[in-house]
Amino acid sequence: MFQFTSGQGWQIGRIFGIPIVIHVSWLLVFAFVTWTLATAYLPAALPGQSGPRYWAMGGMAALLLFLSVLLHELGHCWVALRYHVPIGQITLFVFGGVAHMKKEPPTPKAEFLIAIAGPIVSFGLGAACLGFGIVNDLAGLRPDLHGLTVLGWLLGTVNLQIGLFNLIPGFPLDGGRALRAGLWAWSKDFYAATRRSAVAGLAFGVLLSCLGGSLMLGAGLHLLEASLITTGMWVAMIGLFLFATAKGTRQQAVFRETLARVTVSELVTPSVISVPAALTIESAVKGYFLPHGFSGFPVMEQDRLVGMVTVQDLQRLPQTLWPWREVRNVMRPWSAEMEIAAGASALHALEQMGMASLDRLIVRQDGRIVGVLTRSAVWRYLNLRTQGRSSSTVDPPQAA
Ligand SMILES: [Zn+2]
């Protein structure tokens, strides 16, 4: 299970309420797998068929392979949901699939079970498909069913490979997550466990890249079979990808640890300026947004907090209507997720902003509003604190 930054994709449906998204890169690998199966694998395994039949079977097998990947991810999701870890979406992309968990698992045990659920599904599917292939082979089924036997062997082998590959103990692969769960349970330090298992991910990334490179070199020099060039290329690419994601994970762990150790009260902008709900938008712009320079304000009505209004909320309304509409018409009405206690951690605040799609929270202390915490104030702090620890400026951490 990889971490994956979002990109272009199409949602093809929902399972357990989770959107299933196909990334553009998936189309490339789908075409590549179909082509390999139709032109090389199937003609060798199942001789004497017509070209179009190979292509049709190749396409079907490629679809079933991706269904296998989807089932692997759904295995993770099923356990994650039982532990109340929300899943943003499942993405299928060039290197397989990823389930985006919206927060970290609550305990090492939960993390371990979520991590191994995927490989367990893959091993189960692999055993079932191989079993089907073996039984068919032994029973000497009718030759017209031989195609199904070949498919059983193919799907069985690939599912076992998916299960085994994901057990490599380097974060963010499933094995690396299981490793983190173990380190976490042992050291009681989630962040140190994340950093260590990400270092293992870096190491396996380098190892796979070298292995892939050697395969390509060996095949290029005719020391190995020529077909190993493609295998080597895939292994090297996966190695590089693992290295890059593990590096990102390690950096994220540093950021998250930094934010977990600072409280909201240390980063709050002590602005208790609020906008009256009955004010026209025109007056709010002239009297609050322009002079104070903030891009959002709490909205009050008779000393009661009733919502929050931001520049984006104003922009949704044509300017010609600004003198005629009141702040209450465009504000986001109050909800519990708009507020955070001054004593909460900045990490908690950031996660709350992510879940509620807000870029500021109203900070309360002893029942009183003491100011606003903005996303940019959190970034600023992170940039100051992590300077020198990373070569570039800080990118917004993802919600797990
Ligand atoms: Zn997985």
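Using N, Cα and C of the backbone, Cβ positions are placed for all residues, glycine too.
Computed from a predicted structure; not experimentally measured.
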Same Zn(2+) site as His72, His76 according to TrEMBL: which of Asp137, Asp174?
Asp174
Rounded inter-Cα distance in Å - Asp174 (Zn(2+) binding site), Glu73 (active site)
11
For the domain 'CBS' (268-327), what's the mean pLDDT in this predicted model?
89
Where else in the chain does the transmembrane segment (226-246) make close Cβ contacts, counting only residues six or more beyond its ends and a cut-off under 8 Å?
2-4, 36, 40, 95, 170-173, 176, 198-202, 204-220
I'd like the number of other C-beta atoms within 10 A of the C-beta of Glu73 (active site), please.
25
What does DSSP give as the helix, strand and coil breakdown of the domain 'CBS' (268-327)?
24 helix, 18 strand, 18 coil
Starting from the Cβ of Asp174 (Zn(2+) binding site), draw a 10 Å sphere and report how many other Cβ atoms land inside it.
27
